[in-house]
Amino acid sequence: MEEEVAELITSELADWSTPAAEAIHINLTHGDTKAFKEDFSPRFTYAVFGDDETIVGYKDLVIRLDFRAHDLRPTAMVKYGQKTKPINEQMAQLMDIERQLAEFMPESAFSVADMSSTNDIADETSSWTPPGKLSHTYEKDSRTFQIWVSPLTDPRAMEILTNMRIFVPFFIEGGTIGFLSEPEWSIERWKLFLLYEVDMKHVNTPSGYTLAGFSTSYRLWVFPAPDVIKMAEISHTMPPKTEFSPEQTSLPPTVSPLNLLSRERISQFIILPPYQGQSHGSWLYNAMVSLFRADPLVFEITVEEPNEQFDVLRDQNDMAYLTTQKESFSALTLPSTIPTTELHRTAFVPDMVSADDLFALRASSKIAPRQFQRLAEIHLLSTIPKNNRSVNRITRKANAADENDRRYYFWRLMVKERLFIRNKDQLMQLDEEERVSKLEATLPSLIDEYEARIDGFATRRRQGFLDIVKSFCAKAPSANGPRKRKVVADDDDEDEEIVPPASKRLTPAPPEKNKEKQKAK
């Protein structure tokens, strides 16, 4: 009923309606000076202003949201040419802009009418550095950028994230930041990564730092099952053992979950619009994953519900890491022939690539299962010449004359098997002919996506993109050298089962599994 009333109000007041994104003007400030010549606007406003993303009751509406560039303390100001009188209580609530913003901004944002008075609180010449530790410094277009990492238990880190929490629903579709109110034991799992542009003439003062982006991550304890232990051994990720003798009369010391084998999950990830399209996302992402790979307690890196843009960034950077740092990954290739007996309808779909090699590569790179499978598929597709990637060339399947045509047939077989197993519950409700049809229908869009990744990676490689990954790997500790434990003061992948290589299984796959692989063809 309330939604119907809101729609009626909106339709009757069309001349008094403003798209929220057009009304909102965002900038960062140093004192009275704007950090950017042009303001920027949010991508999404429905979390704040409703599904219609419209503000009613005003003409010439302007909502200024200014944030101090270093600690993101906000100031909100509302200006308008005309304001109509609300016709009922619900309309009055819709017109109460401050009330709608208040859930996403600290109370101080509305307590000062004049922007400059807020900024005067911070002495621009006083000593100031971001919270936590400096993780990485890099140069881009003759400008200096720094990435800082801090536990969210640091009060200054918590204050910064609280100040700018409205950026999450503004720039991440469906983004929420409810964890800020979680108990301390939960907050201890979180880290905040801050990307700043730094004016080296004013370094270590507030005026020297302008936020360019930020990300958060949190730690998830994982049960140390045998396959997890095996992965941890490969990646040199093993927690210290706790010595406890049965003769002891007291319990062993309490072990914090933060000191146990864990997944590290990347959560919010935002590059502010003035800095987008300049590779800063790759710098921030690589700073994060290089830190996680060097952490002996992190055995796997996951991502929480990545959107399409982040998927592209993640694929490009993970692929760059694997192809520059893992020679065995670059050497992966598809077979040109497979014995006829292994391709029989009643046989398993054969392993196109050594399962042991894939398992070891994934463990050492700490990449989540589904993400690694996709990267392996993308790489293997890239080893097949583009002219051979056509269904018209594989009518004879494994008997095609051209070895690259055969490899393309084997690649499609491998991908269809993965898709079948991943979607088994739905596909098993269909008859065999329809299952085959569904799998075939899925491949074209997947291949288009993979080819776009291959082309994009080739373009960025020519532009020197690999240097970003190499700059982090050069400073990373060697997996074979001496290791020191560090204390740093997922994803649709998380739910996928970690399956050890077939050669390491203690028992053969059950008959039902055999049937799955048979039907996957």
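Every residue gets a Cβ built from N, Cα and C, even glycine.
According to TrEMBL, the protein has these features:
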- E304: active site, proton donor/acceptor (ACT_SITE)
- F269, I270, I271, Q276, G277, Q278, S279, H280, G281, S282, N307: acetyl-CoA binding site (BINDING)
- 512-521: compositional bias 'Basic and acidic residues' (COMPBIAS)
- 16-173: domain 'Histone acetyl transferase HAT1 N-terminal' (DOMAIN)
- 477-521: region 'Disordered' (REGION)
- W190: site 'Interaction with histone H4 N-terminus' (SITE)
For the binding-site residues G277, G281, the one whose C-beta sees the most other C-beta atoms within 10 angstroms: G281
Spatial separation of the residue listed as 'active site, proton donor/acceptor' from G277 (acetyl-CoA binding site) - C-alpha basis, Å: 22
Protein Cβ atoms within 10 Å of W190 (site 'Interaction with histone H4 N-terminus'), excluding its own: 21
Overall pLDDT for the domain 'Histone acetyl transferase HAT1 N-terminal' (16-173), taken as the rounded mean: 92
Among S279, N307 [binding-site residues], residue with fewest other Cβ within 10 Å: N307
Neighbour count (Cβ, 10 Å) for F269 (acetyl-CoA binding site): 26
Euclidean distance between Cα atoms of S279 (acetyl-CoA binding site) and W190 (site 'Interaction with histone H4 N-terminus'), Å: 25
Rounded distance in angstrom between the Cα atoms of F269 (acetyl-CoA binding site) and the residue listed as 'active site, proton donor/acceptor': 10
